[in-house]
Each structure stands twice: as structure tokens, then as C-alpha cells.
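Note sheet for the following structure.
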Amino acid sequence: MLLRSRFLKVIHVRKQLSACSRFAIQTQTRCKSTDASEDEVKHFQELAPTWWDTDGSQRILHKMNLTRLDFVQRTVRNQVKIQNPEIFVPGFNYKEFLPEYVCDNIQREMQESIETNLDKRPEVSVLDVGCGGGILSESLARLKWVKNVQGIDLTRDCIMVAKEHAKKDPMLEGKINYECKALEDVTGQFDIITCMEMLEHVDMPSEILRHCWSRLNPEKGILFLSTINRDLISWFTTIFMGENVLKIVPKGTHHLSKYINSKEILAWFNDNYSGQFRLLDLKGTMYLPYQGWVEHDCSDVGNYFMAIQRLN
């Protein structure tokens with residue numbers, strides 16, 4: 001499989017020469033194993049000025065952000081246990097047997113209890129890898145249960161745009177920090193790490209995953225991934241239609257050879273961290289012109305979201 005060959009290439013490179021040396025052969029300016037190519041950085045540098053234009057180059061990303069945020073919030077809420085003894089949680093599919101108004105009351109009380117418990121929990125720290133102009137970073141920083149967000153990206157112009165845009169919202173003061181740096185230069189550990197629409201733009205995705213995992217809180221930290229399966233449907237929707245026909249995605253944004261199947265990521269975790277992780281959720285997602293981004297259960301086709309929890 002392609003992803004495994006890219007992973008194995010990292011191992012082979014380490015045996016023959018360091019990752020820095022390998023990049024130094026190609027260019028004298030990039031020598032981090034989690035770096036993107038010069039072409040990738042240049043491409044996103046050109047997109048930086050229109051990053052926050054909802055009708056501009058990133059309009060599809062703006063629409064997708066709502067679905068990404070829903071996926072993150074739902075996953076986190078699902079980890080909150082209902083501790084109020086006054087709330088009865090049936091041990092069966094109550095929606096099939098109880099009246100609708102009873103089901104609605106049960107659901108409402110459960111949600112209220114979850115929100116209350118979530119607000120009482122210690123606030124979480126977030127690392128947004130490949131934050132670009134800060135679309136997801138800002139949304140995460142506005143959540144009440146998030147203490148702070150650190151956004152990193154290799155494109156300096158995107159970081160400048162992110163910093164300037166964050167100044168427009170007083171709520172974000174002290175809650176968000178942006179830096180132009182490689183992932184392996186980040187210190188500390190985080191409760192949540194997001195790596196969304198990023199893996200398909202790097203040469204060594206295994207290095208990104210490895211460094212993300214090492215910076216994830218061992219006490220049940222969660223890694224959120226969002227990328228694209230490598231298949232004909234993905235090429236047709238994202239490259240042929242998205243970039244060339246509809247032109248709703250800037251041309252040159254995607255490369256089929258860099259797409260990663262969801263099964264390949266799970267296989268990599270099983271090979272490297274067997275028994276040390278738990279798959280919390282895996283959903284496919286697709287863009288419908290008159291509806292926006294929606295989730296579905298075919299996670300091995302097109303775009304997908306993945307949430308992986310670290311276990312002790």
C-alpha cells in the first residue's frame with residue numbers, strides 16, 4: 001500500500017541517512033521530517049491573503065469547518081459520563097419503545113447533564129497542526145471548555161493572517177497563539193491535537209502522526225484527523241470536479257498520490273501503538289452543493305474524519 005511504502009521509506013531513510021540529510025539533498029532550506037515541500041508552502045502562501053474570504057479560495061474549507069467542529073464536539077461530549085443519579089439512562093434502545101415526548105425528555109436531560117459535567121471538567125489545551133489562517137483554531141478557542149489553542153503552520157504568511165484576524169475578536173485574547181514552526185519543534189503535551197486537511201500535503205505522514213502522538217496527553221488525549229482516501233471517487237470529486245470543472249478549490253491544492261486511506265492509518269497505529277490507542281469515531285464526509293458538508297458511514301471513500309484516543 002502507498003502509505004505503508006511512504007512509512008517504510010522513513011525507516012529506510014533513517015537507516016541510510018538522517019531525515020534532515022534527505023531533505024538537504026532536495027533543498028537547502030527545509031530539513032525537518034515534518035516539513036512540507038517548497039511547492040506546498042508556496043501554494044498556500046499564495047492563498048493566504050484570501051484565507052478569511054468566505055467566497056474566496058477557502059470557501060469550501062469555511063463550509064467544512066462547521067462539520068469538523070461538530071465532529072470534535074460530539075466526540076468530546078461522548079467521553080463525558082452522566083453522573084447525576086436522578087437521570088435515568090435506559091439500557092436499551094428506548095426510542096423504539098417509548099413515546100416520542102418521553103424520548104425527547106430523556107435526550108434533553110442527558111445533554112444538559114453532559115454540558116454541565118463538561119463545563120466542570122478542567123479546561124483542555126489544544127494543538128492545531130497545519131492551522132493555516134486559523135479557521136479551525138478560532139472556532140476551537142471559542143469553546144467554553146477549551147483553555148487555549150496553539151496553532152502552528154509552516155507558511156509564514158498564513159500565520160500572519162491568522163494573528164491579524166484573531167485580533168478582531170476580544171474573546172480570543174489570551175486563548176490562542178500562532179507560531180510558524182515545524183511540529184517537532186513544539187514542546188509540551190496537549191489534551192487535544194487536531195490535524196485536519198493537512199496529512200495530504202506532506203511527504204512523510206508517518207512522521208506527522210508519530211510527533212502528534214508523542215505530544216498527546218497520555219491521560220486519554222484525543223487526536224483528530226481529517227484527510228482523503230486515495231481512490232477514483234476522491235480524484236473525481238476533489239481534483240477533476242473541485243479544481244478543474246467547478247473551480248471551487250484552487251488548482252494544484254491536491255495530489256492523488258498523497259491521499260491516505262483510513263485503513264492505512266489504522267494499520268499504522270496497530271503496527272506502532274498496538275494496545276495503546278482506541279478508535280473513538282470514524283466518519284466519511286462529503287460536500288453537497290445545496291446542503292454543505294455532511295457525514296456518512298462510508299469512511300473508505302472520499303474525505304473522512306477520525307478520532308483516536310491515547311491509552312495508558
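Every residue gets a Cβ built from N, Cα and C, even glycine.
According to Swiss-Prot, the protein carries these features:
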- ARG68, GLY130, ASP153, MET196: S-adenosyl-L-methionine binding site (BINDING)
- GLU197, GLU200, HIS201: Mg(2+) binding site (BINDING)
- 1-32: transit peptide (TRANSIT)
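Overlay of Swiss-Prot feature records on the structure.
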residue	record	DSSP class
ARG68	S-adenosyl-L-methionine binding site	helix
GLY130	S-adenosyl-L-methionine binding site	coil
ASP153	S-adenosyl-L-methionine binding site	strand
MET196	S-adenosyl-L-methionine binding site	strand
HIS201	Mg(2+) binding site	helix
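Surrounding the centroid of the Cβ atoms of GLU197, GLU200, HIS201, where the record places Mg(2+), the chain contributes additional residues within 8 Å, namely GLY130, MET198, LEU199, VAL202, THR227, ILE228, HIS254, LYS258. All protein chains shown were included, and the count of other CB atoms within 10 Å of the CB of ASP153 (S-adenosyl-L-methionine binding site) stands at 28.
For GLY130 (S-adenosyl-L-methionine binding site), the number of other Cβ atoms no farther than 10 Å from its own Cβ, over all displayed protein chains, is 24. Spacing of HIS201 (Mg(2+) binding site) relative to GLY130 (S-adenosyl-L-methionine binding site) is 10 Å (Cα to Cα, whole number). Counting every protein chain shown, 23 other Cβ atoms lie within 10 Å of the Cβ of GLU197 (Mg(2+) binding site). For the S-adenosyl-L-methionine site, whose annotated binding residues are ARG68, GLY130, ASP153, MET196, the maximal Cα to Cα separation is 19 Å.
Looking at ASP153 (S-adenosyl-L-methionine binding site) and GLU197 (Mg(2+) binding site), their Cα atoms lie 12 Å from each other.
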